[in-house]
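Chemist: Got a structure for you, questions after.
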Amino acid sequence: MKIATFNINGIKARIEALPAWLDEATPDVAILQEIKSVDEAFPAEIFEERGYNVATHGQKSFNGVAILSKRPLEDVTRGLPGDDSDEQARWIEATVMGDTHPLRLCGLYLPNGNPAPGPKYDYKLAWMERLLKRAETLLAEETPFLMAGDYNIIPQAEDAAKPDSWRDDALFRLESRTAFRKLINLGLTEAFRARTQGPGHYSFWDYQAGAWNRNNGIRIDHFLLCPQVADMLQDCQIDMEVRGRDKPSDHVPVWVELAA
DNA sequence: ATGTCTCGGCTCCCGAGA
């Protein structure tokens, strides 16, 4: 089963580029972030006619996550547990049947957190605490799961072309990386780094300052796999060439191939 | 390089967020 994550930066703006990539990459599941659309306005038909089931959790203007799946989506839940007052649409879960086991899919758009320090950064760290608790719960339930999306975290210096310029940024400051490391230390596997070592692998290039042409990128879109799913990992790749196409998102798709 | 893109208000530009 091929599962991709892709921050599309607006479904309306990506109404041609997203289907084009789906037709070519043919993932079984696409976990999307920043749909920037309310659920009623999401153009589900475009994906349904390609054989995808569609589950969205959107809001007006900002954020918003979705799951497209060729296998039926069951037990869809929306919103990250732990704060009923949180109105930002950043989390969606659904179950798909693998060849042998059910697989719980978690799609996330982790808060950016800038400027740091400040209230937006406090919200990011609090959100990551809730994410840690959700991962602990899923591990305790022993249901195979993965968590995929835009983590807005640069895990290590090698994941940025210019790490020094990110030193005090919410995506890279020590507290952010420590919170991400806590997740890993629960026993989760970061899929890309389980397969590929070394610098120069990025999933985001800013629209500004010719970042793409200078390859001034960062790697912030990740898959975290529970132990059972880590055992099924066959491949993990970044479709970086997508960034060079017409009307691109500032992120590119990252995908895993699972023996499931 | 002060370098871009997206969304929405109620639009013929601007602020906010990234």
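Backbone N, Cα and C atoms are what each Cβ position is placed from, and that goes for glycine too.
Unlike curated records, TrEMBL annotations are generated automatically.
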Chemist: Quick check on the annotation: TrEMBL has A:ASN7, A:ASP150, A:ASN152, A:ASP250, A:HIS251 binding Mg(2+), so which of A:GLU34, A:GLU40, A:GLU45, A:GLU175 does it put in that site too?
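Modeler: Of the residues offered, the record points to A:GLU34.
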Chemist: Out of A:GLU34, A:ASP150, A:ASP250, which of the binding-site residues is least crowded by other Cβ atoms within 10 Å?
Modeler: A:ASP250
Chemist: Between A:HIS251 (active site, proton acceptor) and A:ASP221 (site 'Important for catalytic activity'), what is the CA-CA distance rounded to a whole number of Å?
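Modeler: One finds 8 Å between the Cα atoms of these residues.
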Chemist: Name, in the order they occur in the sequence, the residues of the same chain whose CB lies under 8 A from the CB of A:ASN7 (Mg(2+) binding site) and which sit 6 or more residues away.
Modeler: A:LEU32, A:GLN33, A:GLU34, A:TYR109, A:GLY149, A:ASP150, A:PHE204, A:ASP221, A:SER249, A:ASP250, A:HIS251
Chemist: Neighbours of the Mg(2+) site A:ASN7, A:GLU34, A:ASP150, A:ASN152, A:ASP250, A:HIS251: Cβ within 8 Å of the Cβ centroid, same chain, sequence order.
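Modeler: Counting only non-site residues, the set is A:ASN9, A:GLN33, A:TYR109, A:PHE204, A:ILE220, A:ASP221, A:SER249.
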Chemist: List the same-chain residues at least 6 positions away in sequence whose Cβ sits under 8 Å from the Cβ of A:ASN152 (Mg(2+) binding site), in sequence order, or say none.
Modeler: A:LEU110, A:PRO111, A:ASN112, A:GLY113, A:LYS124, A:ALA170, A:LEU171, A:ILE220
